[in-house]
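Database features, via Swiss-Prot:
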BINDING   GLY164, ARG165, GLY166, SER189, ILE230  NADP(+) binding site
Amino acid sequence: MTKILDGKKIASILREELKQDIITLKERGIEPKLAVVLVGEDPASVAYAKFLQKVSENAGVLFELHQLSKSTAEEEIICKIEDLNQIQAVHGILMMMPLPPHVNKQHIMEHISPLKDVDGLHPFNRGHLISGGICLHPATPTSCLEILKRSGITLAGKHIVVVGRGETVGKPLVFMALAENATVTVCHSRTVDLGKFTKQADIIISAVGKPGLITADMIKPGAVVVDAGIHEEAGNIIGDVDYEQVKEIAEAITPVPGGVGSLTTVLMLKNVLKGIQLQIGTQE
């Protein structure tokens, strides 16, 4: 019988670990704080900020929202970020996306302190991820591997096919999987005969955002399938994988929703705590 990799269950365990780590920090006089910067009033961003506030406060992380108008100049946003960089009581900074068209996302991300970059998207963190250094990792690729490891699935020596080469999931996932001693193949939208490669995989991780991309005839019996794709259709969130068909062949599979996405918020909060350790290290 196919094993369903329950992201919600793993997220619950991670939340308890997070709470215990926060208790330990508070005993040392450290109150973890996350600052969120939101430009404009994008409904999905506003809703996520409210959700994040609830999750943060339930875990014991202080939360503050800095909401700026949609017309705020890029220079003003950068000034706000640099102010937060200088405040020692702020340990993590999250820049909500999307940004207005007049704002350069790359410029903004480059101004967030890499030690407070809970998204793990600063060039410093990207570089250290590639070189194997200590840094903050992006939450979604971390979630993909965490689900596997916490489910008792060995990564070392396995052939992992990553489908997707995006900056936030696919690319970092490749180097994170290599660090786990997996053999990694990368496929993407221009790959010819995608199934030729996925059929060779022990583990498939898809992060494209295209419904039905991974079908049953594209995997070998006994493969593990992790679906990190997100697509909204008729008010429902669906992934890249033809779940009902693939689960009949796969040894293990993540559902959407209830899989990879269930872990991302708590893993981002864990980055706040990891950032604290890095910040303390630079002060000593």
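Note that Cβ sites are derived from N, Cα and C of the backbone, with glycine treated the same way.
Annotated features taken from Swiss-Prot, shown on the structure.
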{"residue": "GLY164", "record": "NADP(+) binding site", "contacts (Cβ under 8 Å, 6+ apart)": "GLY170, CYS187, HIS188, SER206, ALA207, VAL208, ALA228, GLY229"}
{"residue": "ARG165", "record": "NADP(+) binding site", "contacts (Cβ under 8 Å, 6+ apart)": "LYS171, VAL186, HIS188"}
{"residue": "GLY166", "record": "NADP(+) binding site", "contacts (Cβ under 8 Å, 6+ apart)": "ALA207"}
{"residue": "SER189", "record": "NADP(+) binding site", "contacts (Cβ under 8 Å, 6+ apart)": "VAL208"}
{"residue": "ILE230", "record": "NADP(+) binding site", "contacts (Cβ under 8 Å, 6+ apart)": "GLY209, ILE237, GLY239, VAL256, GLY261"}
